Amino acid sequence: MNMNSDQQTEETALLSRGSEDASINGDASLEQKCHDHNMGLHKAPILLSLWLGSFLVSIDGTIVANITNAIAADFQESDKKQWIATSFLLTNTAFQCLYGKLSDISGRKFALLTAQLFFGLGCLLTCFARNVTEFSLARAVCGIGGGGISAMSSITVSDICTAKERGMYQGYANIVFGTGQLLGAPLGGLLITSVGWKPIFAVQVPMVMLCMFLAYRNVNTKLAHLKPIEERFSFDNISRLDLIGSASLVISIGGVLFLLSTDLNKTAVVVCTTLSIALFAYNERFWARERIIPFELLRGNFGLTSSVTVASTFVIFGDIFRSPIYLQLVQDVSVAKSGIFILFGSIATASASLVTGYITRHTKMDLAKCSFLVILAAVFLQLIGTVLSSVLVATLDPNQTSYAREGQSATIFELDSNGYLWKCLYVIATILNSFGYGCLLVSVLVSIVFTVPKYQQATLTGIFYLWRSIGSVLGTSISLSTYDTTLKSSLWRYMSAHGILESYPRLLRDSGYLRAHFSGKELSALLKVYRQCFVWSFGPNLVLGTISFGLGLILVTTVTRGQKVLDRVNAGIVGE
């Protein structure tokens with residue numbers, strides 16, 4: 001049965017077999033028809049289908065960040081808690097960059113439904129986990145879908161709105177995502193203390209099914225380049241997906257994480273990681289038809305902004321996952337209350353997006369220069385926030401309000417954990433870090449739009465999200481691995497010196513054993529060991545924060561010099 005153009009959706013190919021020899025003018029006309037159709041779609045049902053899924057992903061992320069320590073302690077495997085966060089972020093990194101190409105091959109609807117299916121399946125499997133390993137594997141399945149839901153939301157919105165509307169809808173999307181982040185941490189804390197962690201993930205499954213129903217019903221955009229449905233999954237078409245590149249990338253990053261956080265044979269891990277990195281580089285250079293990372297595009301200003309993005313994301317994600325663990329272990333803050341601290345960071349990130357959007361929209365300055373100046377200010381705020389956090393953690397007296405201190409009190413170099421001053425300073429540090437990151441995200445996207453040719457913008461935007469994913473994986477895993485590694489050695493030294501080594505294995509497996517078994521001077525001394533390990537975990541963040549600030553200075557200096565030369569040329573001073 002023939003269908004007219006008004007009835008066709010992406011389930012029906014717009015290019016028939018007989019149209020392969022169509023002229024360029026005919027292709028342009030087809031593109032225009034698709035554009036007109038997409039612009040005429042009712043946006044509200046489509047946006048609901050997209051943003052409900054994005055909301056679930058965002059609320060899921062901060063829920064897990066806040067309850068990671070509680071889940072690991074419940075399994076009595078606290079020494080493996082970094083894998084709960086890292087597994088999701090690792091698969092998110094590997095697959096997020098593939099969804100854009102998959103949607104070009106199979107259509108937006110199929111790619112979105114695929115992402116939602118994996119996310120829902122991961123939530124379901126999580127409910128049946130019996131240890132941290134199984135839980136982490138289930139979270140890895142979630143990550144396959146989570147990255148795709150976010151990517152497809154951005155891609156599909158671009159299909160149904162004009163270039164001028166894009167910024168406005170991106171702002172709305174950030175508000176939806178930010179709202180999920182706001183609610184996730186405190187909600188997770190409340191639920192885990194009342195109903196446990198399994199219902200938190202179980203309730204997401206029917207909500208994901210609702211998202212899939214809405215997506216199937218409402219996402220009906222047209223794509224001019226979509227092949228007939230019987231050809232979409234041919235080997236030739238599927239080979240456009242850079243599966244080798246994605247697999248070698250995730251193995252490379254995973255190898256680095258295994259080196260940092262496991263006792264596996266280091267030589268074997270180094271060899272496998274090196275081979276995987278070499279395979280990734282060779283594949284991207286010679287084999288891949290459509291590469292994940294076109295290296296030739298990483299020159300100049302975009303190369304610098306890419307490096308800043310990785311470093312900045314490293315810093316913020318290290319803080320997001322370290323902060324609840326520190327508050328719950330050292331300061332004896334409940335899971336529910338620790339979520340409130342994360343709440344301030346989420347508000348700051350959302351506010352920064354709106355502030356940066358307002359600045360770039362109303363500035364009289366050249367937009368490229370303005371965006372680079374905002375990037376510099378953003379990484380400076382992050383660096384100040386990270387320094388303040390590290391100094392605060394190093395000087396704050398551990399909380400022992402529930403136990404006898406036996407005459408002990410905070411020294412002149414320590415803040416009293418019973419006061420409100422440290423809480424205010426901690427919130428300020430969190431706000432500075434998060435506000436800086438929110439400013440950076442928007443300003444980098446603006447710099448891409450206004451400094452890169454239009455035909456490269458989609459590719460570079462995808463690479464930008466890839467850098468964010470890589471930064472989040474490395475920031476979370478390296479920060480937590482640094483903490484765990486130093487904790488193992490520091491606890492061993494202290495407990496062996498004081499004759500309490502028999503409690504060492506239990507203390508590593510179950511962090512709740514610390515306050516349940518020890519008290520008084522012994523607890524105070526152990527808490528200070530934990531505190532010092534958290535201080536050490538700030539090391540990578542401080543290094544990356546300093547590097548990102550240095551790169552920001554180089555970026556602004558380069559642009560300023562280029563602008564001065566351009567001004568001289570325009571003034572006729574440079575005529576040669």
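Glycine is treated like the rest: Cβ placed from N, Cα and C.
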* To do: May I ask you to indicate which of 84-105, 172-193 is given in TrEMBL as transmembrane segment?
  => 172-193
* 340-360, 487-507 - the range that TrEMBL marks as transmembrane segment -> 340-360
* What parts of the chain pack near the transmembrane segment (464-483), using Cβ distances under 8 Å and only residues at least 6 beyond its ends? -> 81-82, 85-86, 89-90, 92-93, 96-97, 147, 150-151, 253, 256-257, 260-261, 292-293, 306, 309-322, 325, 441, 444-445, 448, 533-534, 536-541, 544
* So, does the transmembrane segment (425-452) come close enough to the transmembrane segment (110-131) to give 3+ Cβ pairs below 8 Å, pairs being at least 6 apart in sequence? -> no
* Contact between the transmembrane segment (534-556) and the transmembrane segment (302-320) (3 or more Cβ pairs under 8 Å, separation 6+) -> yes
* Take the transmembrane segment (372-396) and find every residue of the same chain, 6 or more past its ends, with a Cβ under 8 Å from one of its Cβ atoms. => 301, 305, 308, 311-312, 315-316, 319, 326, 330-331, 352, 356, 359-360, 365, 413-415, 417, 422, 425-426, 428-440, 442-444, 447, 531, 534-535, 538, 541-542, 545-546, 548-549, 551-553, 555-556, 559
* **Chain residues outside the transmembrane segment (199-219) and at least six past its termini with a C-beta under 8 angstroms from it** => 45-46, 48-50, 52-53, 56, 60, 63, 67, 108-109, 112-113, 116-117, 119-120, 123-124, 126-127, 156, 188, 191-192
* Go through the chain and flag residues at least 6 beyond the ends of the transmembrane segment (425-452) whose CB is under 8 A from any CB in it; none is fine as an answer. => 170, 301-302, 305, 308-309, 312-313, 315-316, 319, 323, 341-342, 344-353, 355-357, 360, 367-368, 370-372, 374-375, 377-382, 384-386, 388-389, 392, 460-461, 464, 468
